[in-house]
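Novice: Just passing along the structure, written as structure tokens.
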């Protein structure tokens with residue numbers, strides 16, 4: 001049986017909110033079977049819990065933001081991407097602020113945190129969402145699509161007419177039945193343009209952004225001293241974002257996702273359209289044969 005997973009231990013980290021610039025204290029906690037990923041604003045009295053589900057996304061400006069009765073938790077996608085990549089089904093995420101810390105702009109620090117906490121299996125079958133038919137969402141020359149596929153495959157194409165992107169791959173496809181999220185995707189950082197950052201700061205956004213947590217591009221080139229971590233880091237980060245957004249379905253996906261210039265808003269519209277079309281998906285488990293699962297996960301340490 002392929003089992004659900006949670007964390008073995010509580011683990012804490014401190015970081016900065018990308019948009020607020022505030023210091024954020026983050027605590028990841030184990031959770032019981034079928035809890036899902038639940039974010040908690042523990043700075044509020046009483047604390048407010050928001051489940052990481054597509055219907056709770058209330059804002060997609062620059063990030064995926066969970067909203068409940070006016071309470072916001074922004075920039076959840078990189079942490080969710082790490083949970084997805086490591087196959088974590090159940091966890092609590094405690095925050096003392098309205099934003100998940102940006103860390104280094106990738107999912108790498110979250111992967112390290114989760115692996116440091118330890119991963120344990122739980123005595124319940126892991127549930128997957130199986131895509132049964134093609135679903136397409138288009139908007140202003142951009143699109144996002146689900147297709148049936150025996151595994152989990154993500155492809156993404158960006159299209160920037162800019163010197164820093166010339167000669168670099170602007171499209172990438174990764175099949176996670178044969179390759180590792182940790183190795184191929186987790187270290188790809190968010191990126192931004194210098195001209196946009198100045199405009200965002202005037203609007204009190206990107207206040208925590210720096211060369212330590214983003215790839216920054218001026219009019220001609222990448223200005224980070226160490227350059228890029230992958231030749232196609234820009235496109236790979238969009239895959240990282242998409243995996244985080246897709247995990248708002250609440251389960252690991254069996255299917256293919258393709259995006260062309262898509263972002264958090266279009267991704268969320270596709271998720272909502274999928275959930276609304278009951279003929280397009282079904283929940284499946286692998287209770288008899290563990291080798292039948294078509295997705296490669298890092299092996300957990302032990303059973304809970």
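Just so you know, glycine gets a Cβ as well, placed from its N, Cα and C.
Since this is a predicted model, take the numbers as computed values, not measurements.
According to Swiss-Prot, the active site, proton donor annotation covers 264, on the basis of sequence analysis. Taken from Swiss-Prot, the feature Zn(2+) binding site covers 78, 237, 241.
Help me see these features in their spatial surroundings.
Specialist: Mapped onto three states, the DSSP output places residue 264 (active site, proton donor) in helix. The 10 Å shell around the Cβ of residue 264 (active site, proton donor) contains 23 further Cβ atoms across the protein chains shown.
Within 10 Å of the C-beta atom of residue 78 (Zn(2+) binding site) sit 31 other C-beta atoms, taking all shown protein chains into account.
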Novice: Select the most exposed residue of 237, 241, where exposure means the fewest other Cβ atoms within 10 Å, treating these as the binding-site residues.
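Specialist: With the binding-site residues 237, 241, fewest surrounding Cβ atoms within 10 Å: 241.
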Novice: Around the Zn(2+) site recorded as 78, 237, 241, what other same-chain residues have a C-beta within 8 angstroms of the site's C-beta center?
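Specialist: After dropping the recorded site residues, what remains is 77, 81, 105, 106, 107, 188, 189, 190, 238, 239, 240, 244.
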Novice: Rounded to a whole angstrom, what is the C-alpha distance between residue 78 (Zn(2+) binding site) and residue 264 (active site, proton donor)?
Specialist: 12
Novice: To the nearest whole angstrom, what is the C-alpha distance linking residue 264 (active site, proton donor) and residue 237 (Zn(2+) binding site)?
Specialist: 13
